[in-house]
């Protein structure tokens, strides 16, 4: 026996067999040990050969284990193994078989054949008992080999390569394991048309990710199984090549090429009977490429050109351009079939076709209105992905969320269970007490506990019953689906008696039972478990994904929106027109009446400094998101140079920072529903306005990497001081309309008409009047009071002190900012000195009154300390 004549896998098996024999304390190395390791192999080549030869691998394993149990064991020997005569004969027979077949190496299948042939070995009897004869094994080996010989030490990898490195889609379709393919008839017909050509009969499906390229290949497999294809494609097999399995574990140079050649040889040997489907086809280019080695695409080219290899590829537009088009010799061998994104109507049809599979998986029902909502909402709000993939994901996640709720304990029952635990803890504590009040309390508590437990038991029983009903309906759906699959198989195989039983007996019976179960469905009034996915569930998932509030508004939210002006006016004083315009835009959006192709609202706020332009934007962010920082704030003074426009949308290719994206586009892409503030817009370079044109008109902007960013759910606010000099010259009683034309003239001279024409509203903020300063004092003092609250210090200002601050801080040219400085200087600075000096301990009350030209501070400390009085410096 020359070990070099044996393949690497056989050598590995022989090594394992010897180790096993020593572990079992056997002194002799027998054929039974070899058969044992062959049958225990994870890849199961020997077991597969036995099954294909009409035998039972499990039976062979049991018979061989029985033979092994009879072998003598010797404990405490020298640890050596001697070769038995039957095993030596097996090796000799295997070498003879390999020589006759023209093989250079003895492979696993020849070793198994020798174990079946050699009558002196008990393995022959074990295999015969299992139903695998030497003749049957020989026939199976010849079928697998297809005339090929074992010329390398890794020859087994080349046999039955399609089974190892490809999935049979037609077999999966036959067994009903593929999802139904709805629509896409034109693309499938075009694919069949290309496949039916004489040469270059290789279509490549090109389309955006998620439009259904792989589904078209599965649709083709379903059509082949149903016989709904031209004569030239009937009874063909569609095999999906697994590039990962081909590359995985290929350690040595040439091993990958050997595997791929084995796949190609098997496909060619079928004489056009196999169509190869290569998903992510761009992975072929460069796959397996190493120093001097050929990549996969170069190995495929000759077979593709001669028409010996039928192939269907699938890849995205970008990957096709980047990888396949760079190799014209490969590209010309494929015929592109463009797969467009389906429209909303087609997507709804696709969802209706898939609905049953998802209902069966999640064990919930999906309403038709939920499917319509999934298609329409995903199309409108999830702009960076494609239909139907994003709509299917929405439906899937909404059903998954509902199933999770069904499996979780209902809130009502959860509260009762928590109450029971609380009462039990209290009961144990009261048992230790002996006084009368504790005894009375314990009696009451026992009654309450018994009552609560009774309620909880009743609710638990009801919840379990409702869950059981859902489970019953789900089981019926599963049985109905299995019956329909069986009917399709029976019709294909000509088993008309069974088909008749299914069509007129079993299926109608199951349908009737399911209809009755759904009629008693537990999602009626007063039900604890919701089992139907509704549009609200879909809308909730969209809101969680995007942050855009599209789910149904609660009553409180509606009221809040209707009194939005009052809420905003709490922090922005005297600018009723601006507050009203912004509120109306938000209400339009939440009511679903805004133009779906434009931002929610776009405004220019004009007015002198310090009148509340930026403050209104912050208040709006606080109102919508409960966080005034939830906005993109861009100070246009930073965008005064021409090149700074690139910072908004991202640097172009070839420039530093290309991968990082733009300040504006990235912020909106991450959070599509927010306020975008362009502060001091007049300071920006004119090119910035060119970028904003498409944002204001179409609600979209293309960033430096070519991605389209959706601005349809943003509120765009631009602030400017243009024309403010006219407004500061107004009298207290003058109307803002008197200077509107002068201000607009200045605005029109600075901004181009095409920019101004796209703005929803240009709002003038008038200068603050003296009588409005009191309200601003209130707002500023509230902020100061909230800062002092941490120290439990209470601040009170009487009317005179407030009036003193309002008068001292009034400056029509500078708005509310001088008032902020006066409060800082006259109140905050003095308080800071007194706190640090120990005059105001924590928990004190500070009363502020006004003197003739200063504020007086009266401190009432916590109990037990004397009052102090001090005055602010003039």
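Positions of Cβ are set from backbone N, Cα and C atoms, glycine also.
Residues or ranges marked as ATP 1 binding site in Swiss-Prot (evidence: similarity to another entry): 207, 208, 209, 210, 211, 212, 213, 214. The feature ATP 2 binding site is assigned by Swiss-Prot to 607, 608, 609, 610, 611, 612, 613, 614. According to Swiss-Prot, the coiled coil annotation covers 392-526. What Swiss-Prot lists as domain 'Clp R' is 3-147. The annotation region 'Repeat 2' is assigned in Swiss-Prot to 83-147 on the grounds of sequence analysis. Annotated region 'NBD1' per Swiss-Prot: 160-341, in sequence order. Residues annotated as region 'Linker' in Swiss-Prot: 342-547. Annotated region 'NBD2' per Swiss-Prot: 557-767, in sequence order, evidence recorded as similarity to another entry. Taken from Swiss-Prot, the feature region 'C-terminal' covers 768-874.
Here the CA atom of residue 208 (ATP 1 binding site) lies 47 Å from the CA atom of residue 607 (ATP 2 binding site). In terms of C-alpha distance, the listed binding-site residues 608, 609, 611, 612, 613 place 613 closest to residue 207 (ATP 1 binding site). For the recorded ATP 2 site, residues 607, 608, 609, 610, 611, 612, 613, 614 set the reference point as the centre of their Cβ atoms, and the other residues of that chain within 8 Å of it by Cβ are 605, 615, 719, 721, 765, 815, 816. Residue 209 (ATP 1 binding site) sits 50 Å from residue 610 (ATP 2 binding site), counting Cα to Cα.
Against the region 'Repeat 2' (83-147), the recorded stretches 160-341, 342-547, 557-767, 768-874 differ in Cβ pairs under 8 Å, and the greatest number is found for 160-341. On the 0 to 100 pLDDT scale, the coiled coil (392-526) averages 76 in this prediction. Secondary structure at residue 614 (ATP 2 binding site), taken from DSSP and collapsed to helix, strand or coil, is helix. The two recorded residues, residue 212 (ATP 1 binding site) and residue 609 (ATP 2 binding site), show a Cα separation of 55 Å. What surrounds the ATP 1 site, by Cβ distance within 8 Å of the Cβ centroid and not counting 207, 208, 209, 210, 211, 212, 213, 214, is the set 316, 339, 341, 386, 389 from the same chain. Sorting each residue of the region 'C-terminal' (768-874) by its DSSP state yields 52 helix, 22 strand, 33 coil. When secondary structure is read from DSSP and collapsed to three states, residue 214 (ATP 1 binding site) falls in the helix class.
Secondary structure of the domain 'Clp R' (3-147) per DSSP (helix as H, G, I; strand as E, B; remaining residues coil): 95 helix, 8 strand, 42 coil. Sorted by the number of other CB atoms within 10 A, the binding-site residues 209, 212, 607, 610 start with 209, the lowest. It is 57 Å from the Cα atom of residue 213 (ATP 1 binding site) to that of residue 611 (ATP 2 binding site).
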